[in-house]
Amino acid sequence: MWRLWTNASGVLLLLCVLTTTANAAYQVGVGRADCTGPVAEITLMGYAKLDQKGCGLHLRQFARAFIFDDGTNRVVFVSIDACMVGFSLKNAVVEKLQELYNTTYTHENFILSGTHTHGAPGGFLVDVMYDITELGFAHETFDAYTNGIFNAIKRAHENMASSRVYITSGEVDANINRSPASYDQNPEEEKKKYNGNTDQTLRQLKIIRDSDNVLIGAINWYAVHAVSLNNTNCLVTSDNVGYASILLESEYNQGSLIGQGSFVGAFASSNLGDVSPNMNGPICVNTGEECDYVTSTCNGENKYCIAMGPGDDMFESAEIIAKRLFEKSKVLLANDTAQELSGPIKFIHQWVDVPKKQIDIQLENGTVQSVSGCLPAMGYSFAAGTTDGPGEFDFKQGSSSDNPFWNIVRDFIFPPTPEDIDCHYPKPILIASGRIKVPYNWQPEIVSTQILLIGDFALIGVPGEFTTMSGRRMRDTVKNAIVSNGGSEDTEVVIAGLSNTYTSYIATYEEYQLQRYEGASTIFGPHTLQIYLSVYKTLAEALIKGDKVDAGPLPEDPDKSKLLSLITPVLFDTSGWFWNFGDVLEQPPKTVNVGDTVSVRFVAGHPRNDLMQEKTFLTVEKLGDNGKWNVIATDANFETRFKWTRTSLIKGASEAVVEWDIRDSVEPGTYRICHMGNYKPLWGDIQSYQGISNSFVVTST
Ligand SMILES: *[C@@H]1O[C@H](CO)[C@@H](O)[C@H](O)[C@H]1NC(C)=O
Ligand SMILES: *[C@@H]1O[C@H](CO)[C@@H](O)[C@H](O)[C@H]1NC(C)=O
Ligand SMILES: *[C@@H]1O[C@H](CO)[C@@H](O)[C@H](O)[C@H]1NC(C)=O
Ligand SMILES: *[C@@H]1O[C@H](CO)[C@@H](O)[C@H](O)[C@H]1NC(C)=O
């Protein structure tokens, strides 16, 4: 190609430059935005534990967007630090995008995937079943996520640049199977094809900008539940995979605070349905003995059978898993043997009403049988939870009667019909969620199915949590369909987990028979996976051949203002007679050592008065030689924690504690801790305030 050049004496030269990148590069944009939801009082989504309400912030949530364009077609992938995503959320983002960019971004060319952190606020899925533990619809969470995802895509859209995209992979030992008894049910010949009962391959796309050869982004896919932090944690967090992203972004955005800097690095979810990060495995915490293999119980009780590790406590475990993922990602990014992607960008999408879907399957004896999906239903084992968080949704312990939302919907619970029982067999039905339409839908029936293709890379957006073997079958099916219809033998196929619609789990037919948690939560019945394999096979064939598929039935998006919500708004805040907001109730010591934790207590307002997106509830500041204070950490750092408590509901009083673990990398010097917040007076508008601690000295011994 020809380039304009100026030589040392300023003479303009026109030179012919030989470029090594013969292949047509793509236009790629990357963007990151803060999408942190309300950090207090809203139940965290994932463990379905009613009293696991937010009490502050450990790690901020981010949405990370990647746009790829070949000049003809454009596709978008977004990974969000949230437990999952749902149709209404994606629809709200698409509507907002279309106001700005018309039909550039649609449900069809955009995959929205949740990282599956169990430490982020819920109440945004709109389906009753999934919003119950949050006391219904939480518009603050919904709006926070909508804005964050939209902003991330907008930023990516605004920095599109000609770039090269590479694919590579490596193995990471950072997961175990939490339902090995279910996995064991799969056919022997099939299991023999694989090394173990989890996928440990981390697959990576890396993006290098042409103009300056700078690494601008990376997406890593790895199958692991983001449940290092267990159900005793009440701080909002992006958990192990979120922290892996923060480590990666800090590495390539040297000198930037977390959430800033132009390099964007995501760790996105994959077929993690039966995959746990708690690598020491389950143990009876009451006796130290092994749990029962098939039922994960200790003397018949599930609440004592808990998996932990690899660290000594849950924060250390999150850090160890994050570092393993980050280190491998860094090695892969530095490896220039990765395969460059070339070839057209394509996408295909279909809405599928799963309970109405009928397919033919071939039985072992050769007979062809017609099977269909079932209306959604949850089995009994769903209430038992998993070894990552036992006793989810445990009615027996009387928690239902403590929940006013449950009291309202309890009276509407419908018993399963004989057809339901037959269809879901051998699942004993606990909640016939597909039969209940009051006050509105309990679980989705119409799901999004989707494949994006970037050259020889196929990304499969799946509407839930595929188990390890379900994911393997899906990848094989899609790859075979691509290759047998003229696509490349080298096609790499990756599953983007928890994408677009959330419908709990997808276990294999064989795993389903055992009815552990994942089988009990396979909501469309025993043939759910076979139905999806058939749908995605058709999609892959059409994608390669360039055929169109039927759009399918568009799901309903209910009017958000009509959704049931028993979440109380913030009424007012007071600081008390003798205090002002931001006053320090407990100062740090005058001198602290590296290795200590500093803690400062402030008079605070309610964190829900302003979600502080793209801002911070705290800063750790270091006094510079010039006498100025420099921010060295915010509430997005792993080593800081923002903890909030209402000390008197009647008086509207509350306190915030800021904690800072002083790590080895902290330089000796003079520091202070600040807290930023907002309060709501009895009359008038919300006001912001700031509190500043006394300064203190950090010494290195
Ligand atoms: C928006 O897109 C539609 C179809 O893609 C097109 O018909 C219409 O003209 C576009 N509107 C604007 C304002 O560009
Ligand atoms: C959560 O992890 C902590 C260690 O950080 C442990 O003491 C506790 O037993 C765990 N609880 C559950 C329910 O997993
Ligand atoms: C780089 O990648 C190639 C191909 O995947 C692999 O064989 C090689 O070991 C890698 N090098 C490093 C340093 O990881
Ligand atoms: C094949 O197996 C199915 C289910 O076990 C059974 O209903 C059917 O009769 C069998 N067909 C033949 C030809 O044996």
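Using the three backbone atoms N, Cα and C, a Cβ is placed for every residue, glycine included.
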To which of H107, H116, H349 does TrEMBL also attribute binding of Zn(2+) at the site defined by H225, E465, Y505?
H116
Within 8 Å of the Cβ centroid of the Zn(2+) site residues H116, H225, E465, Y505, which other residues of the same chain have their Cβ?
S269, L272, G273, V275, G464, G497, L498
Give, as a single whole number between 0 and 100, the mean pLDDT over the domain 'Neutral/alkaline non-lysosomal ceramidase N-terminal' (26-533).
93
Under 8 Å Cβ-Cβ from H225 (Zn(2+) binding site), six or more apart in the same chain: what's there?
H116, H118, R178, L272, V275, S276, P277, D388
Taking the Cβ of Y505 (Zn(2+) binding site) as centre, how many other Cβ atoms lie within 10 Å?
22
Sort H116 (Zn(2+) binding site) into helix, strand or coil using the DSSP assignment.
coil
Listed binding-site residues adjacent to ligand 2, that is, members of H116, H225, E465, Y505 whose C-beta is under 6 A away:
none
